[in-house]
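Student: Below are the features listed in TrEMBL for this protein:
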TRANSMEM  16-37  transmembrane segment
TRANSMEM  69-86  transmembrane segment
TRANSMEM  92-116  transmembrane segment
TRANSMEM  137-157  transmembrane segment
TRANSMEM  163-180  transmembrane segment
DOMAIN    184-250  domain 'Mechanosensitive ion channel MscS'
Amino acid sequence: MAYLNHLLTFIESNPALAIGFNLILLVVSGIFAHLLCKFLLIKVIRKVFFASHKQDVPLEKDRRIAEKLSNFIPVIIVYYVLQFMPNMPASLVTAINTICGILFFIFLSIFFNEMLDIVNSSYLRKTKRKNHSIKGYIQIGKILVHILAAIMILAVMSNKSPVIIISSLGAVAAVLMLVFQHTLLSLVANVQLSSNDVLQLGDWIEMPDKNLSGEVTDIALHTITIRNWDNTISRIPTKNFLTETYTNWQAMFSSGARRIMRSINIDQHSVTFLNQEMLTPMLAIRGVSEPLSKLLDGRDPGGVADRWFIDNGLTNLTLFRHYLMSYLAERPDIIKDMYIVARTLKPSPSGLPLEIYCFTSSTLWMDYENTQSAIFEYITAVAGQFSLRLYQYPAGHDFWRLSQENSLRTTTPPSTEGP
């Protein structure tokens, strides 16, 4: 004990040694407080704060919070330990207090940013909120935290009240508006998109002007991230979704129906009035009898004269259209309660377009494409049974067949019989 008193007396009698000893004591106390907080706070946080939300806040989040707390709590301890150290130069005390104040607000802002990230993660984990994003609001919160931290740091460094610092910012308000104009516009856009449910995570959107078509994977303050169907990533400024045109397909998925609207070209020269000779192969097709009976007003097809078809304007294309609507209505993958239409469009040099308009019962892309392909494959195959020809531009086989017919004509010898 006497040795310890002698050592303390010796240190106090030597100012430089006393200052060095005090600095070492400050460093040791800071390190000890840091280690104590890092290893003990995680247990306290888990039991006190997140006891009822263990599923919402993973264990690694606890560690990250403990690390952030273990950063700025030692700064507080060092600051208060310094107040009980005599014989410290006033300039050194002021410098250490300033450094402690700066570090405190830096670490405090980092801690609040971590808490905002936890709020965002917990929000996204909720089942009912998976498609909604509050990331834009979280980023606004982080910006405000950084601004407040910067103001407090300036107040500590200048030894002035934060109110004076804030009042002095009024003189540069115009400059701040210019600097943060994109942030303010993005904030307004983000609020409108989120509050009106115009855009959500997982939505399929298209922006033809920018050649974008894909799924929304992230809605942030300044940008919205889209994963295109070719697995490329595109980022569009949030404010563009208020000023530019885009298509959101989410309403289609919510309705449970997906539209088919595709046409196939009919050779106009193959469209003609019905006659009994045509009806024979048509009646062999299952499902033709019912639409034909409606068109004939219940008459027996075999007892109708050819002239009746002409007088009533009943063509093979008319019967084909009604048959296709009946065929579509019988398919289990087509919704009966929505429009089912087979109509002809404006004729063109490429033929007479026959458009199919209906809705599939599945909105999945693969099911939709399979249904659409099956319908038009059947139309292509069955059109010939109605004495209709599909139009397409001449191909190599067509020219080859034409050349064969011409060669047969030229090689056939003329008849030599007399009158």
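Backbone N, Cα and C atoms are what each Cβ position is placed from, and that goes for glycine too.
Heads up, TrEMBL stuff is auto-annotated, nobody curated it.
For each listed feature, how buried is it and what is near it?
Tutor: For the transmembrane segment (137-157), same-chain residues at least 6 beyond its ends with a Cβ under 8 Å from one of its own Cβ atoms are 98, 101-102, 105-106, 108-109, 112-113, 116-117, 119-120, 164-166, 183, 187, 190, 194, 220-222.
Below 8 angstroms of C-beta separation, residues 151, 154-155 of the same chain, each at least six residues beyond the ends of the transmembrane segment (163-180), sit close to that stretch.
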Student: Can you tell me which parts of the same chain pack against the transmembrane segment (69-86), counting only residues 6+ beyond its ends and a CB-CB cutoff under 8 A?
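Tutor: Same-chain contacts beyond the ends: 22, 25-26, 29-31, 33-35, 37-38, 41, 45, 93, 96-97, 100-101, 103-104, 107-108, 110-111.
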